[in-house]
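Participant: Structure provided below as structure tokens; questions to follow.
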Amino acid sequence: MIKSTKHKDEPAVVYEVPLKSKSEKPNLDGDRLNLFLLIILYTIQGFPIGVSTALPLILQSKKMVTYEDQAAFSMALWPYSIKLLWAPIIDALYINSIGRRKSWLLPLQLLLGVAFFYMSINMDDWLPETGRPNLTMIVRMIFVVNFLSATQDIAVDGWSLTVLKKKNVGYASVCPSVGVPIGMFSGSVCFTLLVSEEFSVKHLGTIPGAGGIMTMKSFFSIWAIIILVVTVFIGLFKNEKHKLEDGHKKISVFQNYKLLWDILKLPRVRVLTIALLTIKMGFTATESVTNLKLIDAGIPKDDIMMTTSVMYVMKFVFPIFVCKYVTSSTPMSYHLKMTPIRLIWGIVFSVMVYYTPSLIFKDGHISIPLYYYLILGLVTLVNEMLSLFLMVTLLAFFCKISDPRFGGTYMTLYNTFYFLGWLIPNTFVLKLIDILTFRKCTNNVENTCNTENLKDLCIVNGGTCGIYVDGYYVSVAICTAIGFIWYFTFRNILKNYQLVDLYHWMIHGKNLNSNEEVNEPCIMSPA
């Protein structure tokens with residue numbers, strides 16, 4: 001029913017949406033196949049991201065490109081940070097007879113499969129064993145597949161709010177937390193190792209000159225087939241019901257952009273936007289720079305990559321064990337409880353970095369003991385678990401406060417601000433570390449080694465440029481302090497936001513009967 005309000009921080013007219021399932025406990029009976037379908041769709045989404053991180057490493061290992069060329073790959077992931085620009089189009093335009101989400105999902109994934117087939121045919125020419133690669137075509141195709149994947153993400157995020165029963169919508173946050181890492185692992189680690197001749201010869205005993213276990217052509221072809229098969233299956237057998245569209249006027253693209261603007265004008269959304277743009281600042285220094293500092297200390301890059309690969313196994317299964325937290329009515333409370341622990345653990349990480357040189361150097365050379373790898377693995381594991389827990393509970397909060405009828409716009413809006421909350425401070429902190437790091441020449445204290453000429457002069461005179469103030473530790477302290485300021489500023493605000501009825505987050509509403517519930521069967525009857 002229509003409910004008026006006199007509060008200043010709410011629209012003049014809002015629409016209450018009573019839901020029968022609101023008080024029901026989550027129960028996956030009848031939804032398990034829907035959950036599995038969402039995980040598969042998010043896995044497909046994660047694969048292009050993984051390929052985007054693997055190809056620059058392959059190019060660098062072949063010593064075919066410069067760092068200026070590598071910078072071109074920064075464009076490849078832009079679609080994920082700007083997809084909010086076309087999210088309203090995905091929500092507004094669709095063919096009702098096909099389905100609101102399927103209208104976009106089917107052609108997008110068909111194009112994605114065709115794009116990977118095209119890459120499989122031409123990748124050997126674009127990336128030859130010897131000679132200059134066709135970097136322009138590689139970057140263009142990676143951009144294209146990421147654009148398709150980012151747009152597919154808008155449709156899947158919106159569908160995740162209606163394909164599950166309302167009482168199970170909290171599980172929607174688990175699906176990307178499981179599926180995207182699987183796709184990224186396949187596109188990065190598996191792709192890199194399976195096409196690597198060096199890995200095959202060293203670890204699998206293959207004959208030198210035979211290449212990797214798989215060629216790039218066969219790897220991309222297999223994934224293209226997987227994507228196309230899943231797409232055909234959804235088109236033929238997955239039914240999309242439209243209960244929430246019944247009696248609701250379909251809005252135009254212009255109206256949907258106005259909807260986005262109206263959402264941004266909601267007082268709670270404005271406050272949430274500020275919170276999301278600053279939510280990662282407390283963790284930025286440890287997340288972005290720690291591995292670089294470990295490499296500088298003497299830990300081999302391959303060892304760090306193997307540790308990272310092992311962490312993927314935990315990423316696959318960990319969300320399953322936190323379902324009861326993300327499906328609760330107060331997921332943000334659990335997020336806020338873990339935030340101080342995550343901030344403190346960043347200090348533990350920096351302490352490990354500080355003592356790393358004294359632990360791995362013996363008699364003037366690097367000798368890494370087994371117990372150090374155990375310490376590194378334990379600290380990294382706890383850090384990943386805390387990071388994943390915070391992300392999953394935050395996604396559950398997004399699901400809770402998103403209007404299902406405009407789910408693609410809502411979820412993309414929140415996820416975009418969350419991504420920018422990582423991207424913006426990441427660049428800032430990297431520059432801050434350089435600014436706050438002070439050096440001096442060992443045989444001339446007046447030489448600050450601030451420029452390349454001063455560094456060369458120090459070396460010519462037989463000295464070395466040593467660090468006497470490391471900007472990394474200063475940045476960790478600053479970020480941690482900002483993190484605690486963020487925590488005490490937004491703790492009570494966000495706790496209260498999760499208790500607010502859904503209609504307070506809605507612009508356009510429609511009364512639902514108390515016995516009405518969103519529930520799509522997973523498989524459509526062949527008849």
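Every residue gets a Cβ built from N, Cα and C, even glycine.
Among the features that TrEMBL reports, transmembrane segment is placed at 35-59, 71-95, 104-121, 141-164, 171-196, 216-237, 269-289, 309-327, 339-358, 370-398, 410-430, 471-490.
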Participant: Report, as numbers and ranges, every residue of the chain located at least six residues beyond the transmembrane segment (171-196) whose Cβ falls under 8 Å of a Cβ in that stretch; write 'none' if there are none.
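Facilitator: Same-chain contacts beyond the flanks: 26, 28, 31, 35, 38-54, 57-58, 160-161, 164, 211-216, 219, 223, 309, 312, 315-316, 318-320, 322-323, 326-327, 331, 388, 391-393, 395-396, 398-399.
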Participant: Look at every Cβ pair spanning the transmembrane segment (339-358) and the transmembrane segment (216-237), keep those 6 or more apart in sequence, and say whether at least 3 of them are under 8 Å.
Facilitator: no
Participant: May I ask which of the stretches 216-237, 269-289, 370-398, 410-430 has the most CB pairs under 8 A with the transmembrane segment (71-95)?
Facilitator: 410-430
